[in-house]
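The following features are taken from TrEMBL:
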| type | residues | note |
| --- | --- | --- |
| DOMAIN | 205-364 | domain 'SSD' |
| TRANSMEM | 208-226 | transmembrane segment |
| TRANSMEM | 238-258 | transmembrane segment |
| TRANSMEM | 264-282 | transmembrane segment |
| TRANSMEM | 302-323 | transmembrane segment |
| TRANSMEM | 436-457 | transmembrane segment |
| TRANSMEM | 637-655 | transmembrane segment |
| TRANSMEM | 662-682 | transmembrane segment |
| TRANSMEM | 694-715 | transmembrane segment |
| TRANSMEM | 727-752 | transmembrane segment |
| TRANSMEM | 764-786 | transmembrane segment |
Amino acid sequence: KIERNLVDSLFPVNRSKHRLYSDLQTPGRYGRVIITSFRKANMLDQHHTDLILKLHSAVTRIQVQRPGFNYTFAHICILNNDKTCIVDDIVHVLEELKAARSSNRTNFAITYPITHLKDGREVYNGHQLGGVTVHSKDRVKSAEAIQLTYYLQAINSLNDMVAEKWESIFCDTVELFQKSNRKVKMYPFTSSSLKEDFQKTSRVSERYLITSLVLVVTLAILCCSMQDCVRSKPWLGLLGLLTVTLATLTAAGIINLTGGKYNSTFLGIPFVMLGHGLYGTFEMLSSWRKTREDQHVKERTAAVFADSMLSFSLTTAMYLVTFGIGASPFTNIEAARIFCCNSCIAIFFNYLYVLSFYGSSLVFTGYIENNYQHSIFCRKVPKPEVLQEKPAWYRFLLTARFSEDTDDSEETNTYESHLLVWFLKRYYCDWITNTYVKPFVVLFYLVYISFALMGYLQVSEGSDLSNIVATATRTIEYTTAQQKYFSNYSPVIGFYIYESIEYWNTSVQEDVLEYTKGFVRISWFESYLNYLRKLNISTGLPKKNFTDMLRNSFLKTPQFAHFSEDIIFSKKYNNEVDVVASRMFLVAKTMETKREELYDLLETLRKLSLTSKVKFIVFNPSFVYMDRYASSVGAPLQNSCISALFLLFFSAFLVADSLINVWLTLTVASVEFGVIGFMTLWKVELDCISVLCLIYGINYTIDNCAPLLSTFVLGKEFTRTKWVKNALEVHGVAILQSYLCYIVGLIPLAAVPSNLTRTLFRCLFLIALVTFFHCFAILPVILTFLPPSKKKRKEKKNPENREEIECVEMVDMDSTRVVDQITTV
């Protein structure tokens, strides 16, 4: 963008009337169409030539109706010096070809990529003729595709509005023309197409997102339910999701009120919030299940907050730091910056809402439970002896276990009847730590690393704009056709010399031509330099004579009539003229890997501009997107590394054991390595969307793995296997509940007809799957035979100093509160 501003200051659009300026300087307003045949016919034969000229005539007759006036193409087109509309040179070529056929002239020949018109001008047709087959001396034998471009003015708001409407009618006209000529295929495209197709993702995603919401609500309620109608918490599942929704809506409202711009990348924010917010609420519910039922609600709530909110606060701080850096000026991609800003606001309010709204909801349901009220209908549950007189369906709905029915010798944790708690404690924990299972898990992990490495070695940066738009759109069809037929040459590259150099000096001329060696030069300036060299202008030619020759050539040499657009003169006090800037236009020969080649070409030319004797810059509007995708990978990864280092430093002062940081770092590295590898194997490139997902993946992994690792590392006295089981029993249910809700919410996203949501789904699905694999398979197995050691240290005690402990239970008769007093004797 800096280069574009410099180019605009040197060569404004009004100095480029004889150039197709939208290919050179600024996107502007335009309409394009690629015409090809279903049968790969020659588009230069008489039938197709007449058809294309007929289409051209229909386009120029398009009218935009406004109050009091009807605008045609002639009113809003870019004008020539003779006040006529500038059209593609290929139109003139086709008109001359038609005239030659009418007069039975057989000597008319079209050359590629530069041809000559009847008026003697050389024109570049590399971007107008596609799928070209040539004879000797670059003579065109046939062309499978032809591209026409119509450039429009947008000098004020009214003009821009008319031009935008003209673009819409232009697409309708082309599609209508297509219906009446079904043997040809036409691909219209305008300057508004990319924006419209990018935002179209939001519209086509609506019903899928509603389906996702319904599925998540249903599963969240089921995950919090159990057969015991008193201890079941279905409302907490719904209210947990409502907490996340409120935070997301609050962030959206703040962004709108502050003038923020909506874009389709915001579709990822609900899933960022779903992964973080739901896990926090499920973890609080899991902590509630660990509390004693005979405690007061206030004490149980205090125990819940003490047990779960520290880790939730730390992971929330990590999200805020990571996305905060992404929302800072360090990120130069506006879409990514707005996404990170919105995510920060949503996560911050989610934390506040969990503390206040969800915490209050937990207290409310806690009182319902203590009063033995039904968890859904909130009515008092009758005693078992009363229920015996009721019908079976009534007894089923009001099934509950009363504390006085439990023997003191029994284990009194009544929450074990929850399906997930029961499954983990009774089956899975014993199975995953079984000696015979561990070798298979380790072998599976080695296979995982092998495939991840295979994908990691094939990773590629995404620079295709079609990856961020809906699938069935004009952008996809047009870019596919353009890549197929017009990939032989790069876009026109402007080569701008922005200093006063000795143009009359032969050595300087040779330097300039050397820098552009290997390109197809389509500039009058390059031809003029060759013209001067043919005249054997010596290095000693006076500067005044040289500039005089330049000025005279504008008037006397028809061949260089348009050369005045490519140089800038500056008059001095003594009437001398100095050339302060000049430009030429280049086209590079490219292969199938057009984007990669063009990016390498851009980097090469920029490095050359820093070391060359002549100060120059290169520019093309597509360079803006190449810079965007280069920075879309580099900048977010750099920001994530900064945030990761900050968090490691910050958490070193908060965690009780440094091994937690070590294990957490290794786990995150393993997860991210696997996600990058497998998403490459799944045909996902590193672009802005996938890199944002990878940054979120760091947070998601820490969200789920940190509590497990913390519980294991801080555990004492027992064996590693015992603490692995304990960690899974304590935190496994919350992880499993949030994972199931997250995956169910993602599944409808896979059906959205959009490349953006396809990338979003694949990345988020892999992050969730790989993290789940680490939480429930890799870590439980590896931690059983790797540090830290859990050997019980035997300490010798003097029998005389033996302590006896007597426990006295004191019960407050006015309430259900029980106080344990420990007296040491």
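Including glycine, each Cβ sits where the backbone N, Cα and C put it.
TrEMBL entries are annotated by machine, without manual review.
Since we're looking at a predicted model, the values are computed, not measured.
Proximity of the transmembrane segment (208-226) to the transmembrane segment (727-752) is established through 3 or more Cβ-Cβ distances under 8 Å for residue pairs spaced 6 or more apart. Most Cβ pairs under 8 Å with the transmembrane segment (662-682) belong to 436-457, among the candidate stretches 264-282, 302-323, 436-457, 694-715. Spatially, the transmembrane segment (694-715) is adjacent to the transmembrane segment (727-752); three or more Cβ-Cβ distances between them are under 8 Å for residues at least 6 apart in sequence.
For the transmembrane segment (436-457), same-chain residues at least 6 beyond its ends with a Cβ under 8 Å from one of its own Cβ atoms are 670, 673-674, 676-681, 773, 777-778, 781-782, 784-785. Residues 268, 271, 275, 428, 432-433, 437-438, 441-442, 444-445, 448, 663, 667, 670-671, 674-675, 678-679, 682, 693-694, 696-697, 700-701, 704-705, 708-709, 712, 720-721, 723-724, 727-728, 732, 735-736, 739, 742-743, 746, 749-750 of the same chain, all 6+ positions outside the transmembrane segment (764-786), place their C-beta atoms under 8 angstroms from a C-beta of that stretch.
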